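First the structure, in the form of structure tokens, and then the observations on it.
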Amino acid sequence: MHKSNSTINIYSQGRKTMAKGGFVLAILALVAVQSLAGDPSPVQDFCVADLKSEIFVNGLPCKNPELATPDDFFFAGLDKPSNTDNKVGFNVTLVNAARLPGLNTLGVSIARLDYAPYGLNPPHTHPRGTEVLTVIEGTLLAGFISSNPDNKLFLKTLHPGDVFIFPVGLIHFQFNAADSPAVAIAGFSSQNPGLIVIADALFDSNPPIPDDVLEKALQVDKKIIEALKAQHKV
């Protein structure tokens, strides 16, 4: 049976439309994959960060791989506690691509977290990375809060050897509820996970958030806002 010219034209146009639609879907799929990705994936064995370069890129520029040395992939010091003599009784030793150049483009970083007795890692977020926390010493109360509208608190008491996950971007914290020090190791799904401490962002921004905005947002009196700002700067 022979197809008419009009039928052939409709069939041909349909195939072109399907092909065009398939191309659009492929582009959308590619965009979706890119939007779900974290740090850019490497396209070579490694990209040791050139920390002296003045070039500004998303991440850090690479130095000539011929100049790479074993020291570019090495960091010493996570066995040493950091100073927790501060208002919150907490400190962190972060090993990111700026401190360990070989991490550049690999999408991971690590940190040592030290807690004084009753020390607190205040509520904060990491905008670019999920955190995997492992307790090494002591006992920690750890939790994170889901996003609106639930704002559900996921809270757990952790002991040495326990692991807890803080999903990317969610507010979380750790508290040492004991009278002895605690230590944890944190891994991140980014070479530079970023840090936003909630109290710092609200009460110590530069320039300051107007008091009227904070009053309305927190539903408290202006005197309380002023007191919180003053306390935060001490």
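Residue numbers in this text run from 1 along the chain shown.
Keep in mind that glycine also has a Cβ here, set from the backbone N, Cα and C atoms.
Keep in mind that TrEMBL annotations are predicted by a computer and have not been checked by a curator.
TrEMBL lists 1-37 with the feature signal peptide.
Residue environment of C47 (disulfide bond) contains 23 other Cβ atoms, counted within 10 Å of its Cβ in all protein chains. TrEMBL lists C47-C62 with the feature disulfide bond.
Among the features that TrEMBL reports, domain 'Cupin type-1' is placed at 76-226.
Annotated oxalate binding site per TrEMBL: N121, H126, E131, in sequence order.
Among the features that TrEMBL reports, Mn(2+) binding site is placed at H124, H126, E131, H172. Sequence-distant neighbours of H126 (oxalate binding site) (same chain, six or more apart, CB under 8 Å from its CB) are F166, V168, G169, F188, S190, P193, G194, L195, I196, listed in sequence order.
Ranked by Cα separation from N121 (oxalate binding site), the recorded positions C47, C62, H172 are led by H172. Neighbouring residues of the recorded Mn(2+) site, listed in sequence order and excluding H124, H126, E131, H172, comprise T125, F144, F166, L170, I171, P193, L195 (Cβ within 8 Å of the Cβ centroid). Rounded to the nearest whole angstrom, the C-alpha distance between C62 (disulfide bond) and H172 (Mn(2+) binding site) is 33. Close to E131 (oxalate binding site) in the fold, though at least 6 residues off in sequence, lie I165, F166, H172, A186, G187, F188, P193, each with a CB less than 8 Å from its CB. Note: H124 (Mn(2+) binding site) has non-local neighbours I171, H172, F173, L195, I196, V197, I198, i.e. same-chain residues 6+ apart with C-beta under 8 A of its own C-beta.
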